[in-house]
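*Asks:* Features from Swiss-Prot:
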- 65, 97, 100: Zn(2+) 1 binding site (BINDING)
- 257, 287, 290: Zn(2+) 2 binding site (BINDING)
- 29-138: domain 'CMP/dCMP-type deaminase 1' (DOMAIN)
- 214-327: domain 'CMP/dCMP-type deaminase 2' (DOMAIN)
- 32: phosphothreonine (MOD_RES)
- 218: phosphothreonine (MOD_RES)
- 1-60: region 'Essential for cytoplasmic localization' (REGION)
- 209-335: region 'Necessary for homooligomerization' (REGION)
- 244: site 'Interaction with DNA' (SITE)
């Protein structure tokens, strides 16, 4: 027997979905929180046990928030079915507030047979330290039960539309800025949760062997520092990594390079007029177009200095050399990564599990050769 549902609706109107699940990072007057959930019993076939929608108000008491309503309802059901394992998926218009995040973390710690994946359209008060800490506790992976939180991309919006919206047979049509907003929110969530890169991903993509092939992705690790009393002070809240967005039909039709995604992110930090230093560690040096855009950025933001350390030189047989020279001329520091930069990235951005950085054969030789090649490019030698 399934429990009785309260404070739920079966389907959402199309207009309500587009209004409430708009993924623009900063929005006002979105006071209703929608939580669409799917519960499956864990097993070989993973049958769906229930799909419903809870809703609540942002500024009401926490007990009326949809996350708390779900926990009360589901806890009653678990008392009668405590031996069953469940996989729970949420699609929420706002990520949980501090009290809800703490309550969900407590629930998961007490019931390890329940796994929870949370897809969020927007981040709620992500700039507040107490909120950041609550989400880190909820999603921490220190051997205990935890939630997995992700930003909704096109596929999740489409799934939510198909399962929970009264679409009247019409397909989901994304907003034009959905992929750009997704990139911003994904990077922000990575900063907030302090995501780390898989070791294999790092060694594969940052390997500086000159004969590397098949590496079509670009990874960009970044850190930000502020000048205070003649000392550069790290801003650890703005530290993370991202990668290029591959071309696809429903997101970026032409793709978007990692450098452009990074430039999209910087205004989101709302840096003031103090002096800042942004350092990027990239698996490939910028292409001509990205170099031009980065040059424009530092020209328009004189209080921000830019340092770029690249593992390899991106050679598209086009105007990449001109782009690098323009970027260098406009004030950016450009250099090839050497052992120190590789080790720093490994220690800072990689989920290394306590393992020290192990250089590959020829790292120093490749770095030296690439540095000589970059020097010749920047000095316009042989061109």
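Here the Cβ of each residue, glycine as well, is placed from N, Cα and C on the backbone.
Tell me about the surroundings of these features in the structure.
*Replies:* Remark: residue 65 (Zn(2+) 1 binding site) has 33, 56, 57, 58, 96, 97, 99, 100 as non-local neighbours, by Cβ distance under 8 Å and separation of at least 6 in sequence.
All protein chains shown were included, and the count of other CB atoms within 10 Å of the CB of residue 290 (Zn(2+) 2 binding site) stands at 25.
When pLDDT is averaged over the domain 'CMP/dCMP-type deaminase 2' (214-327), the result is 91.
Long-range neighbours of residue 32 (phosphothreonine) (same chain, six or more residues apart, CB within less than 8 Å of its CB): 20, 55, 56, 57, 58, 93. Under the three-state DSSP scheme, residue 32 (phosphothreonine) falls in the strand class.
In three-state terms derived from DSSP, residue 218 (phosphothreonine) belongs to neither a helical nor a strand segment and is classed as coil.
In sequence order, 217, 218, 255, 256, 257, 258, 261 constitute the residues six or more apart from residue 244 (site 'Interaction with DNA') in its chain with CB-CB distances below 8 Å.
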*Asks:* Please give me the CB contact count at 10 A for residue 287 (Zn(2+) 2 binding site), counting all chains in the structure.
*Replies:* 20
*Asks:* Report the residues of the chain - excluding 65, 97, 100 - with C-beta within 8 Å of the mean position of the site's C-beta atoms, for the recorded Zn(2+) 1 site, in sequence order.
*Replies:* 33, 56, 62, 66, 67, 68, 96, 98, 99, 101, 103
